[in-house]
Amino acid sequence: MRREKYGVIELIYYFLVMLSVGLFLIFPIKLDTLRNLLTVGVIFLLVLFFPILIANVKRFSKSAFMYALFVLISVLYELYRASNIYNYSLLDIFFASRQYIWIFLFLVILYLFNNTDNNMYKILRNTLNILLCSLGLRTISWGLYTFFKIEMFSSILREYGDLWYRNEHSIRIDGTPLIIIGILIATFLYIKKRETRYLYSLLVILAYIFFVNQTRVLAFSIVISIVLMFIYSKESTFKFSKILLLGLALSFFALGGINYLTNLIDSSLMLQDRGLGYRYWELDYYINLLKNGNWVNGVGVLTSTNLNSSFVLYGNWITKMYLDDLGFLELFVQFGLLSIPMYLYPLLKLVFLIKKMSIKCCDVEKGLLVGILSSLVLTSISMNVFGIQRSFSLAIILAIIFYYDYKLKHNIENQVCDG
């Protein structure tokens with residue numbers, strides 16, 4: 001087997017992926033510290049990469065540059081407004097801009113793809129492997145505490161400060177920013193490569209979502225997206241997968257899945273969980289902030305590190321109004337009308353690419369884009385892909401979008417599909 005070679009840019013990228021999925025939380029480090037390191041690392045990589053970008057500008061889709069420029073201008077404009085409204089210091093600006101800085105990493109990932117499928121598979125595969133390592137450690141930490149009340153890797157258990165409970169008996173651990181794109185990558189590589197290791201990766205992530213993360217919207221959107229990806233795949237793979245999924249479903253119910261689903265439904269109906277009611281309260285609060293013309297430009301990029309901005313995030317100073325619970329509205333509250341093209345353009349681009357991939361041998365690639373599109377739309381209700389818990393995944397999503405955009409625009413569809 002040929003030994004893979006890694007360049008400096010690629011190695012730095014993998015290190016940043018490790019930071020983004022909280023791999024270093026096995027040490028007594030706070031999540032916010034990792035996010036700060038991630039931001040500094042991304043800035044360093046972008047500065048290092050800029051001369052390479054200029055020298056290789058023809059290898060990128062023009063749409064990629066246009067979108068990057070639009071997002072950059074939008075973020076700078078809203079940061080400028082917020083600085084004036086809330087009297088931000090330079091440190092406040094740094095904290096407020098972190099998740100938006102990470103997005104521009106998509107240009108680096110595009111460069112690493114190098115317009116070849118083998119390079120793209122390599123980058124996606126290694127990204128998936130890093131995610132799986134993180135989920136493995138998180139599962140160990142969750143299992144030891146859930147069944148034996150042993151705290152191992154407390155920085156993972158208490159990633160957001162306190163233990164995160166679904167109910168009085170069950171704790172939850174976040175799935176990292178890459179869990180959605182990770183399972184879509186695993187599904188894509190399984191269908192494309194027909195290698196069982198990717199099927200195992202898919203099942204491991206799916207089990208993590210249902211039992212460790214326990215996020216209803218995430219579980220629903222992922223199942224729908226995976227089903228759509230298989231529907232768009234080649235017929236033989238789909239037939240095999242139907243038999244496999246049927247077997248898994250029977251095993252799930254035989255092992256007590258009915259009780260699990262009953263508890264999940266009860267929770268959704270707020271018999272055990274008041275989360276939906278609280279979310280409605282948050283929604284009402286932030287919609288009221290958009291009155292008196294604030295919906296045009298938004299309220300600016302918010303950060304809890306600034307006292308004035310915290311007043312907006314906390315409302316009555318008693319209970320924090322979690323803006324990141326509200327999906328697309330989180331972006332709209334801060335960016336106003338600018339949020340619409342920011343969020344809508346990648347979705348429209350996906351629709352355009354899906355329609356253009358009309359030849360039969362592109363079914364697997366089309367399936368990947370359909371999976372990404374459906375997950376973005378379905379999760380937008382309560383998960384903002386531009387938010388601090390998701391934006392690193394947006395960099396990978398944008399890289400995939402503009403990778404296929406470049407290839408299709410340059411009439412090399414055979415390379416797109418046959419890679």
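Placed from the backbone N, Cα and C atoms, the Cβ positions cover glycine too.
Some features that TrEMBL has for this protein:
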- 12-31: transmembrane segment (TRANSMEM)
- 37-57: transmembrane segment (TRANSMEM)
- 64-80: transmembrane segment (TRANSMEM)
- 100-116: transmembrane segment (TRANSMEM)
- 128-150: transmembrane segment (TRANSMEM)
- 170-191: transmembrane segment (TRANSMEM)
- 198-231: transmembrane segment (TRANSMEM)
- 243-262: transmembrane segment (TRANSMEM)
- 295-319: transmembrane segment (TRANSMEM)
- 331-352: transmembrane segment (TRANSMEM)
- 364-382: transmembrane segment (TRANSMEM)
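Counting Cβ pairs closer than 8 Å and at least 6 residues apart in sequence, the transmembrane segment (128-150) and the transmembrane segment (12-31) reach three or more and so form a contact. Non-local neighbours of the transmembrane segment (295-319) in the same chain are 75, 78-79, 81-82, 85-89, 91-92, 95-97, 100, 285, 289, 332-339; each lies 6+ residues outside the stretch with a CB under 8 Å from one of its CB atoms. Among the listed stretches 12-31, 64-80, 198-231, the one sharing the most Cβ pairs under 8 Å with the transmembrane segment (37-57) is 12-31. Same-chain residues lying 6+ beyond the ends of the transmembrane segment (64-80) with a Cβ under 8 Å from its Cβ atoms: 57, 88, 93, 96-97, 100, 103-104, 106-107, 110, 297-298, 300-301, 334-335, 338, 341-342, 345-346, 398, 402, 405-406. Among residues of the same chain six or more beyond the transmembrane segment (12-31), those with a C-beta under 8 A of the stretch's C-beta atoms are 6, 37-38, 41-42, 44-45, 48, 102, 105, 108-109, 112, 123, 126-127, 130-131, 133-134, 137-138, 153-156, 159-160, 176-178, 392. Tertiary neighbourhood of the transmembrane segment (364-382): same-chain residues 180-181, 184, 187-188, 191-192, 217-218, 220-222, 224-226, 228-234, 279, 325-328, 343, 346-347, 350-351, 353-354, 357, 397, 400-401, 404, 416-417, selected by CB-CB distance under 8 Å and a gap of 6+ residues from either end.
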